[in-house]
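Pulled from Swiss-Prot, these are the features on record:
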BINDING   346, 445, 446  ATP binding site
COILED    539-577  coiled coil
COMPBIAS  149-167  compositional bias 'Polar residues'
COMPBIAS  168-193  compositional bias 'Low complexity'
REGION    123-224  region 'Disordered'
REGION    292-538  region 'Pseudokinase domain'
REGION    578-670  region 'Knob domain'
């Protein structure tokens with residue numbers, strides 16, 4: 001009950017000023033001969049919001065000021081509160097209100113007669129029209145509030161000069177006489193600038209913003225394909241944009257022929273995680289040969305622009321080919337001081353150049369390019385070895401061996417391998433003979449095996465420089481190249497370099513097809529050429545070509561497996577960028593890596609690399625490191641428990657949250 005009494009007294013106190021105001025107005029109107037003022041309770045039209053008349057200074061009732069203001073009353077039925085316009089002349093004729101005439105307000109006694117007050121405040125039609133004309137009217141054709149419209153700082157818009165408002169259009173206001181020229185110069189192709197004044201259409205499929213002509217702000221040289229789009233085509237292109245795959249996404253092998261057996265998606269073998277062991281071993285051996293250096297030797301430090309010489313010959317006291325009357329030859333690995341690449345330097349010991357024109361033949365051989373050909377780079381004479389020597393520079397093929405060495409070790413060659421070697425050598429001979437040259441080096445000591453099923457013809461151009469002064473017939477040497485190729489096939493088929501001593505007996509060990517090929521190559525028919533022999537071996541070419549394609553697919557598969565092998569390195573680099581480093585803020589530099597998300601990253605670092613077993617010994621499990629970092633890179637929802645080193649803090653967090661913490665910390669550092 002006491003609460004109700006307090007509430008009634010409080011409400012009476014709040015209403016007392018309003019009742020006093022109404023009583024004073026009633027007393028004022030009863031003594032004034034002028035018509036009553038307009039009141040919002042009885043007016044039939046409402047002044048628009050925002051069109052307010054400046055309010056005169058407030059004066060307290062009972063003062064002797066000549067102007068009295070009629071306070072409007074709040075009407076809940078009106079859409080907005082609008083102050084009424086007071087006729088100053090009507091108030092001046094009556095003078096200020098007499099506060100003594102107002103009856104005293106007694107709460108709870110006499111009720112207020114609202115109908116009587118409403119009748120007294122009834123406005124005449126003429127006075128209402130005058131009051132309405134004194135207010136500014138809202139014109140729909142006039143733009144709204146325009147800041148800075150006048151130089152004086154007034155925020156009132158200039159109604160007379162304001163441009164008319166037109167929906168979905170943009171009006172250009174000319175500030176000077178040159179504005180038209182400026183507007184013309186800014187016109188451009190559609191789609192250059194965005195026009196936000198597009199009306200919303202309910203039920204439309206999608207919102208497509210309009211584009212307005214304007215200059216394209218693009219850096220010079222940038223290929224902006226948006227220039228060809230218009231009317232929302234840019235938004236359509238953005239919706240169809242495809243983003244690149246994440247680094248942790250691996251695509252499975254798409255060739256079913258390469259699978260040894262059918263496995264389920266979750267079943268893996270050891271070969272699925274590692275490089276092919278044979279390819280791995282071969283590549284490592286090549287790297288060792290490239291990086292091998294000579295500890296101590298009597299070789300010169302520099303030979304022309306080449307340095308770091310390493311002897312590659314296995315037999316130092318014998319000539320390489322064993323032919324009588326020829327100068328000894330030595331082969332070195334060297335490095336070019338200009339381009340930093342490895343080359344093979346073939347030295348002809350004791351050679352004296354008698355004709356400078358002999359070096360011109362090197363240019364012809366430099367133009368020969370073939371996958372079964374060891375390119376000749378340059379030739380020069382030198383005395384850096386202590387004598388007159390001819391140096392021939394060829395491409396260096398690491399881990400390459402000659403057929404002569406392989407045959408001496410008892411290497412067996414299958415029929416398919418022999419046919420593959422035959423086709424490769426016929427192809428390179430066809431290229432050489434078409435250039436008007438002869439190889440003169442189709443010999444087991446000059447043919448290199450540089451990979452599975454790959455051979456290369458080496459030392460080409462060597463005898464053109466040595467025997468330059470001799471009158472030689474190129475056609476005869478081309479026929480000799482084909483005959484030597486037949487003898488080479490015979491040696492490979494018999495697995496011995498001694499097979500050429502008794503050709504007739506060695507041919508009996510070959511099958512009919514190979515026997516026919518060798519007999520044709522060894523024949524004295526001068527019309528035979530490398531291209532004709534290749535044409536006759538077209539049926540054999542299919543199998544070799546298919547094998548080369550399968551090898552290419554296998555190498556591409558191995559390359560794809562190693563495509564993103566640097567993901568974990570990048571991830572570990574990010575972790576070390578964040579942990580135990582000062583922060584970007586000088587005030588929080590010491591605590592930056594120990595607070596917030598960075599503390600989780602530090603605990604995760606200990607979880608990956610600093611684990612211990614139950615005996616307190618360090619655990620160095622590479623599988624745990626790789627598995628955990630892969631999960632972090634993928635950002636999966638799996639949760640792990642992170643425990644501080646003192647064991648007082650224990651946090652459960654997912655790999656997804658940890659990945660977000662790392663990205664957030666890196667953004668702070670940037």
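Placement of Cβ uses the backbone N, Cα and C atoms for every residue, glycine included.
According to DSSP, the region 'Knob domain' (578-670) comprises 48 helix, 12 strand, 33 coil.
Taking every pair among 346, 445, 446, the residues listed as contacting ATP, the largest Cα to Cα separation comes to 13 Å. The Cβ of residue 446 (ATP binding site) has 22 neighbouring Cβ atoms from other residues within 10 Å, across all protein chains displayed. Taking the coiled coil (539-577) as a whole, pLDDT averages 88 in the prediction.
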